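Per TrEMBL, the features are:
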type	residues	note
ACT_SITE	162	active site
ACT_SITE	242	active site, proton donor
ACT_SITE	339	active site
DOMAIN	18-184	domain 'FAD-binding PCMH-type'
Ligand code: EPU
């Protein structure tokens, strides 16, 4: 059966931010064959394409998209020993759940990150001290230039902070991702919020007999779910998660900033550069946390998260974001970039 291509589809409901206009054409693809068909359509029409996953890290412009939006719905999760392979259209947290049920360690800290498996690889999602690239064994893509399937080993994916070869080259469309997990216990609970959670729990429960015990995989997954639920907005409130990336500055620049802002939150990286907590800057330096301009606002518990409280336009969100960036630049001379991808 020929692939169904729809016209003039409203994109806002297909994203978690819930703003923006229509796409000229829209198709859902459930296999590589259907993906190929959709791509041929865009080539024949001479229009661009955009691959949409869970829509949790994108903001659609009010003007919408003059091209074909392809919603990747290639599904399936399979496990062989410690390798889990999933279709790019699979919901990310379903993969984490499946791995947890099988007691496979490695991605439990990424519990409840919204979006799909494809998005997880393209964006190299990260949370609580873990990044997707830590366990990605290989990525299967459909290469638009050669119109054929191609495989990348983890180290060939050029993963960085919210970066990958697939983010740079839009002609590599992720179709499947394989994760190498561990049957052996690998506990990572050093990240501030996670450490605090387990310390609190130990105190409250007075479980002295278990204080030295490390938590189980299920307990860590439950902890992450509890931390995220307490700190992050609950859909259907419109949001795209962290709207900005944490900026990376030189060690010298960090020392200068620390003189003015002794409390500044930062992580010194292996290459001596320093990643600053943008949420802290927006909150403590900019005073943006919890502010609201009509239906556009900044989350009251996390200053990195912009919120559409109901009927904000994309323009209102972008104006707020620009103002926030300008404010921080003026006070600290630090440039902050968007993490979200804009569909325009
Ligand atoms: N902080 C503030 N004010 C705030 C929020 C945070 O002062 O309003 C402080 C916190 O106390 C903490 C520091 O800033 O010391 C960093 O905050 P947090 O631990 O919440 O992490 P983040 O750097 O803001 C990153 C990721 C999130 C991920 C969390 C948890 C980015 C851009 N964001 O946020 O990822 O869930 O760490 O690991 O790297 C996403 O990418 O969409 C996302 C949500």
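Glycine is no exception: its Cβ is also placed from the backbone N, Cα and C atoms.
Positions of the features from TrEMBL, shown on the structure.
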residue	record	DSSP (3 states)
162	active site	coil
242	active site, proton donor	strand
339	active site	coil
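Residue 339 (active site) is 8 Å away from residue 162 (active site) when you measure Cα to Cα. Checked against ligand 1, the active-site residues 162, 242, 339 give 242, 339 in sequence order as having a Cβ less than 6 Å away from one of its atoms.
Listed in sequence order, the residues of the same chain lying 6 or more apart from residue 339 (active site) and placing their CB within less than 8 Å of its CB are 57, 162, 241, 242, 243, 244, 245.
For residue 162 (active site), the count of additional Cβ atoms within 10 Å of its Cβ stands at 18 [all protein chains shown].
Here the domain 'FAD-binding PCMH-type' (18-184) returns a mean pLDDT of 98 for the predicted model. Counting every protein chain shown, the number of other Cβ atoms lying within 10 Å of the Cβ of residue 242 (active site, proton donor) is 21.
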